[in-house]
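J.: Residues or ranges marked as L-glutamate binding site by Swiss-Prot on the basis of sequence analysis: 14, 15, 16, 17, 18, 50, 186, 204. According to Swiss-Prot, the motif ''HIGH' region' annotation covers 17-27. Taken from Swiss-Prot, the feature Zn(2+) binding site covers 104, 106, 125, 129, and the record attributes it to sequence analysis. Marked as motif ''KMSKS' region' by Swiss-Prot: 242-246. As annotated by Swiss-Prot, ATP binding site applies to 245, with the evidence given as sequence analysis.
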């Protein structure tokens, strides 16, 4: 079959891995889906490295090589979040000037021990530092507590529309904008980057669906467009947990050491999606998100991680 290129409609999709280790089969499957969603709809496909936090030496280079090995390409240079901190600080300044931020001195343990959130849903940040007096803040600074910066949310939930899940309403709380160590928080960085890069389609694992209303709400506060979302099922081990090294041959390099070629690994991924064993570009003509599996792909460890039926 000849390669098919959809008409360009503008906008972009993206894949945004963290260089904390090698990509496993679940990561590669999600990357393939993000690529197919974008290319089939005529969008550009961008690659962004979320390297604000833990970075393992050489991981980024291996990740890019693995994506190329299964036939994925991208438009423009790879963007690294570590080079974009001025953008995040500008967004924080905008929220601060609007009176929508406050300092938070809570430890993670203190937050977990809070039974309820008085101004938000169960499990949300309890608002301990929301209305501290100047004296309270001075006391906490004197104790040497590092201050994170939180959003002063003005609502408790927000609704988004997901291409696979439909309308989804989830909690919104006072998310962290800047961590206590000074690093921009994930929820802020991803919102700023998607808007700055013209990303109007976000395809990622459905474990991130619960955090999406927070991100969409934050985008609206910053006057930024909310992208279209599609949260896809994860790849799980036989116990229903996310893949890890202990599950066997979970990376492309592992599979190659076990005797499989990148093309065979790609065929494994496409088969799990109900797609034929073809190069990615040859899948575009017949790609239909409505026909994708809606359940996780369950793998068993027999040395090569062959797929098994979902329970």
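Just so you know, glycine gets a Cβ as well, placed from its N, Cα and C.
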J.: Spatially speaking, which of the binding-site residues 104, 106, 125, 129, 245 is closest to residue 17 (L-glutamate binding site)? Use C-alpha to C-alpha, please.
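T.: Of the binding-site residues 104, 106, 125, 129, 245, 245 has its Cα closest to that of residue 17 (L-glutamate binding site).
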J.: Minimum Cβ neighbour count within 10 Å among the binding-site residues 14, 204, 245: which residue?
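T.: Minimum Cβ neighbour count within 10 Å, taken over the binding-site residues 14, 204, 245, occurs at 245.
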J.: Quick one: among the binding-site residues 15, 125, 186, which has the most Cβ atoms sitting within 10 Å of its own Cβ?
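T.: When each Cβ's neighbours within 10 Å are tallied, 15 tops the list.
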J.: I need the nearest neighbour of residue 106 (Zn(2+) binding site) among the binding-site residues 14, 15, 204, using C-alpha distances.
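T.: So, of the listed binding-site residues, the one sitting closest to residue 106 (Zn(2+) binding site) is 204.
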J.: Within 10 Å of the Cβ of residue 18 (L-glutamate binding site), how many other Cβ atoms can be counted across all chains shown?
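T.: Counting Cβ neighbours of residue 18 (L-glutamate binding site) within 10 Å gives 19.
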J.: Cβ neighbours within 10 Å, counted over all protein chains: which one of the binding-site residues 16, 104, 106, 129 has the most?
T.: 104
J.: If the Zn(2+) site is taken as the center of the Cβ atoms of 104, 106, 125, 129, which further residues of that chain fall within 8 Å of it by their Cβ?
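T.: Other same-chain residues near the Zn(2+) site: 105, 111, 126, 127, 128, 130, 148, 150, 174.
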J.: Taking the mean position of the Cβ atoms of 14, 15, 16, 17, 18, 50, 186, 204 as the L-glutamate site, which residues outside that list, in the same chain, have a Cβ no more than 8 Å away, listed in sequence order?
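T.: My list of surrounding residues reads 48, 49, 190.
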J.: Rounding to the nearest whole angstrom, report the longest C-alpha distance spanning 14, 15, 16, 17, 18, 50, 186, 204, listed for L-glutamate.
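T.: With 14, 15, 16, 17, 18, 50, 186, 204 as the binding residues for L-glutamate, the largest Cα distance is 16 Å.
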J.: Under DSSP, is residue 104 (Zn(2+) binding site) helix, strand or coil?
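T.: Note: residue 104 (Zn(2+) binding site) is in a strand by DSSP.
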J.: Do you know offhand how many angstrom separate residue 125 (Zn(2+) binding site) and residue 16 (L-glutamate binding site) by C-alpha?
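T.: So the Cα of residue 16 (L-glutamate binding site) lies 26 Å away from that of residue 125 (Zn(2+) binding site).
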